[in-house]
Amino acid sequence: MSARPVSEKLAREFGLNAEEWGRVQTIMGRMPSFTELGIFSVMWSEHCSYKSSRIWLKELPTKAEWVVHGPGENAGVVDIGDGLTAIFKMESHNHPSFIEPYQGAATGVGGILRDVFTMGARPIANLNALRFGRPENPRTKRVVDGVVRGIGGYGNCVGVPTVGGEVNFHAAYDGNPLVNAMTVGIAPKDRIFLSAAAGIGNQVVYVGSKTGRDGIHGATMASAEFDANSEEKRPTVQVGDPFTEKLLIEACLELMGTDAIVAIQDMGAAGLTSSSVEMAGKGGVGIQLDLDSVPQRETGMSAYEMMLSESQERMLIVLRPGAEEIARAIFEKWDLDFAVIGHITDTGRIVVRHKGVTEADIPLGPLADEAPLYRRPIQWPVPLPVLDNATITCTMPTDQALLQLVASPDLCSRAWIASQYDPAVGGQTVKKPGQADAAIVKIEGSNRALAITTDCTPRYCQADPKMGGMQAVAEAWRNITATGARPLAITDNMNFGNPEKPEIMGQFAAAIQGMAEACIALDFPVVSGNVSLYNETEGKGILPTPAIGGLGVIEDAHVARGIAIEPHQDLVLIGETAGWLGQSLFLREIMGREEGAPPPVNLVAERRNGDFVRHQIAKGCVHACHDVSDGGLLVALAEMALAGNCGLALDELNTAHATHAFLFGEDQSRYVIAAKDASGLLEEARTAGIPACLLGRTGGNELTFPGGSSVSLADLKEAHERFFKTWMS
Amino acid sequence: MKAIVTVMLKPGVLDPQGRAIGHALETLGFDGIGDVRAGKIIELELAETDAGKAKAAAEAMADKLLANTVIESYRVEVV
Amino acid sequence: MSLRAGIVLFPGTNRERDMAIALAKVSGGREPVMIWHKETSLPPLDLIVLPGGFSHGDYLRCGAMAAQSPVMRAVRDFAEAGGHVLGVCNGFQILTEAGMLPGALLRNAGLRFLGQDHSMRVEQTDSIYTSGYAQGQIIRVVLAHGDGNYFADTATLDRLEGEGQVAFRYASPSGEVSDATNPNGSQRGIAGIISANRRVLGLMPHPEDYVDPLMGGEDGLPMFAGIVQGLAA
């Protein structure tokens, strides 16, 4: 793109409003150049500046004894013992994945990997949280196929196992799927690399792939709503090269083993602009870039294009004096580009030179400090009223209802997806997808393992954003707890609609409040995150989706529990059952109604029940454990039976609630435990005041329900696996 | 000069990609499609100015790396 | 008794740690040597492993560029002198591309990457790699490949069968071999083949990922135990 005359009209085209444009002119004290306007517009985009969300994100708790670095760095860092840290983050790539599903998802994985290894961590696990439109929508199939191939294509090649994730389908995502990718890495606590530049005169080095014209203005695209012309935005989607990423991981980690690095940052959204501005800004220094030295893939690129390119697999490094030759040798060994493109200055400004001309000269302080910050108008959501269970009369027999539920797109087997990802590379995956409530990945050379999960129930968030936010955090905590691990911290990926609409801002703020309450009650702080707004198509918003990535640690991986049952065991339900049907999948899939308030989360009970379960696992009293979530108790039991290829028989119910409400209600804070002999556990629960009851026994080849009806394991398996097989054949 | 190397699976080697493309075209309503084969084209910019020598060089490259002659055949065109 | 094993690293190799862990487990903790693909000579070794991954991004064809790496000349010389070479997944693809094993690995018939457990049947036991198993034994392994569809012409396949060079075949957990148990379209269900002198083995599945019950199984362990027993005498 060649330079165009700078005007208010152009500023608006670049996404700046009149007031922001005025502020740019005040800061510059003159008419900005084309390149300068480009820099302002991407740095002040929603994607980079968090201008609508920042004010609310401050309400989230971010501290705990084990938090080493909270939000503000490339990823969050928590102490996991043995002198090690886990470094993790989740990030969205929603808009690119709709336009070009394969590359959108692939580069999403690549970007989040870089956020983690840029801090010195070797990535050991990838997860994802995906939301797609209705399966009946002809477009959905293409998006699902492309996204799954893209995640696999990138993750498998870089050699990081994809160990977990979640998938939902809903009409609200028809024109705006969500692709949230999470990476977890491990680094020694005393070898963590940050991005704050320092040392006047130090060299600024560019490594990785060459720069092309890809994805220019990607950050501003991620901050704009879709319209009917979105298809034409295709050329701005970046193309990923996982092979180069793999080389970049190895080369960066090799360089990090020396003392050559002062600061390092990946070039993500807004590429060279955001990386150089953030590095210099955080360090309180200035930076001068000489674009003639930037490795270029195309000829005739302008300063504007180079500063805004979102070519993938690139990093910016500030080197210690005298370290150039060591660094160059390492990147040459890995066949990657290496170029000194600038140096650190004491001016507090970013100066961009190209072909003998100063293309940009901006004071960094005001660029950051005077970035727009909006307290947007809010319309607080009114939670839907509680559904009266008396209005739900179910005539469908239990066995039929279960078969229909496990065959539904939201509850069916995810094996078709999971089998396109490599879950085992690295040789440390203890529990693969479907084997436990959270993925369990061991740390090589140690008995210690991480428990990792992604969670959110968007239909709860739509009905009551505050409760939905709370539930998402609680469910992540619960899933980690169900494996026996100790939950440590979360990363959040806030996917919402247009923040300029008060009701959307209300959803956002309420969800944050719910999340904050849960984080505090469960000692489960937020250490990193990402906000994706404007997820709307032609004015229709998505369900509010605050996706939570949770991480926990277990001292001995052998203690970690999965969900698979074995014969001759007692089945115990922990937690209170009120038969909550509002917003349940039973209500939607069997009764055809999407109504009511979501199940409330009692955070005191959540913590008490979870701490009890974790303690029982640590004592060795638990063979298998599964939390009760989507689909309720019977679906949880069916999943345990399928995982262990083992039947079970339930006792007659001793409850005042209707059978379908007891079996399919989605009351929170509950777990099913399988244990050889549960009498001791039940006794301890009684003493501790934890609601617990014996449900039945495991064994046989069928599931037998109260009232005597039953389903064979074979029929259950067939129903569970039917959807993707049929849909994708 | 530019050499264009076309690499195709040999007849008799199953080409699931080609088959899938054919199937997809039929689903889209295109009739009368016989066998579909998918291959790849590799364009090489060569410093060589003699067409014969350029072709020979490209053929050597195809033999050595660009094609696996166990399963693939190739054709070189110099333009 | 300790095995001198070397693992070759190509740019894009990613299962070298899995392999190192498996080899160290049967070698009293001795770590194998890592060999960079640009090396032209090798240290004294009992075994060379070409591990899994996406060498050179698997661009062009899986294993094609790695097969032309400087180190492969030394690997070929090593094998020609009677040395033992094991190629797993990408390593198998490299061995066929280098002409050290017959045939080729095509795109999976289903055109999708397969990351899942599968069973395979041990078809011969007269090599260090297979002596730890019983003839016809069914073992569970990890598949992680997009191009594992084994192809060779009929004459080659007949020769491989006749010479007992088919080492492993995809099977059902109960041992049947049929189209239904063939995950990737490989001819005759072939999962791995061995050279005529029984020293060069290539296979698509990953025995190295199942050497510890904690990770879900140890059906791969007899292969590595057999290697040590056969080589570290």
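The backbone N, Cα and C atoms fix where each Cβ goes, and this holds for glycine too.
Nobody curates TrEMBL annotations by hand; they come from automatic prediction.
It should be emphasised that the depicted structure is a prediction, and the values quoted were computed from it without experimental measurement.
Database features, via TrEMBL:
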- A:8-51: domain 'Phosphoribosylformylglycinamidine synthase linker' (DOMAIN)
- A:HIS47: active site (ACT_SITE)
- A:TYR50, A:LYS89, A:ASP492, A:GLY529: ATP binding site (BINDING)
- A:72-187: domain 'PurM-like N-terminal' (DOMAIN)
- A:GLU91, A:ASN530: Mg(2+) 1 binding site (BINDING)
- A:SER92, A:HIS93, A:ASN94, A:HIS95, A:ARG114, A:GLN238, A:GLU310, A:SER311, A:GLN312, A:SER532: substrate binding site (BINDING)
- A:HIS93: active site, proton acceptor (ACT_SITE)
- A:ASP115, A:ASP266: Mg(2+) 2 binding site (BINDING)
- A:200-354: domain 'PurM-like C-terminal' (DOMAIN)
- A:436-554: domain 'PurM-like N-terminal' (DOMAIN)
- A:569-700: domain 'PurM-like C-terminal' (DOMAIN)
Nearest of the recorded positions (A:SER92, A:HIS93, A:ASP115, A:ASP266, A:GLU310) to A:ASP492 (ATP binding site) - Cα to Cα: A:SER92
Additional residues surrounding ATP, by Cβ distance to the A:TYR50, A:LYS89, A:ASP492, A:GLY529 centre under 8 Å: A:LEU57, A:PRO71, A:MET90, A:GLU91, A:THR491, A:ASN493, A:MET494, A:VAL526, A:SER528, A:ASN530, A:VAL531
Cβ under 8 Å to chain B, applied to recorded positions A:HIS47, A:HIS93, A:ARG114, A:ASP266, A:GLY529: none
Surrounding CB atoms that lie within 10 Å of the CB of A:GLN312 (substrate binding site), all protein chains: 29
DSSP-derived helix, strand and coil totals, residue by residue, for the domain 'Phosphoribosylformylglycinamidine synthase linker' (A:8-51): 31 helix, 0 strand, 13 coil
Range from A:8-51, A:72-187, A:200-354 with the greatest count of C-beta pairs under 8 A to the domain 'PurM-like N-terminal' (A:436-554): A:72-187
DSSP-derived helix, strand and coil totals, residue by residue, for the domain 'PurM-like C-terminal' (A:569-700): 50 helix, 24 strand, 58 coil
Whole-number mean of pLDDT values that fall within the domain 'PurM-like C-terminal' (A:200-354): 90
Same chain, 6+ residues apart, C-beta under 8 Å of the C-beta of A:GLU91 (Mg(2+) 1 binding site), given in sequence order: A:GLY108, A:GLY111, A:ILE112, A:ASP115, A:ASN180, A:ALA181, A:MET182, A:ASN493, A:ASN530
A:ASP266 (Mg(2+) 2 binding site) as reference: those recorded positions from A:LYS89, A:SER92, A:HIS93, A:ASN94, A:ARG114 with C-alpha within 10 Å of it: A:ARG114
CB contacts for the residue listed as 'active site' [other CB atoms within 10 A, all chains]: 28
Residue, out of the binding-site residues A:ASP115, A:ASP266, A:GLU310, whose Cβ gathers the largest set of other Cβ atoms within 10 Å: A:GLU310
Span of A:SER92, A:HIS93, A:ASN94, A:HIS95, A:ARG114, A:GLN238, A:GLU310, A:SER311, A:GLN312, A:SER532 around substrate - largest C-alpha separation, Å: 21
DSSP-derived structure type at A:ASN94 (substrate binding site), helix or strand or else coil: helix
The domain 'PurM-like N-terminal' (A:72-187) - residue tally per DSSP class, helix then strand then coil: 47 helix, 45 strand, 24 coil
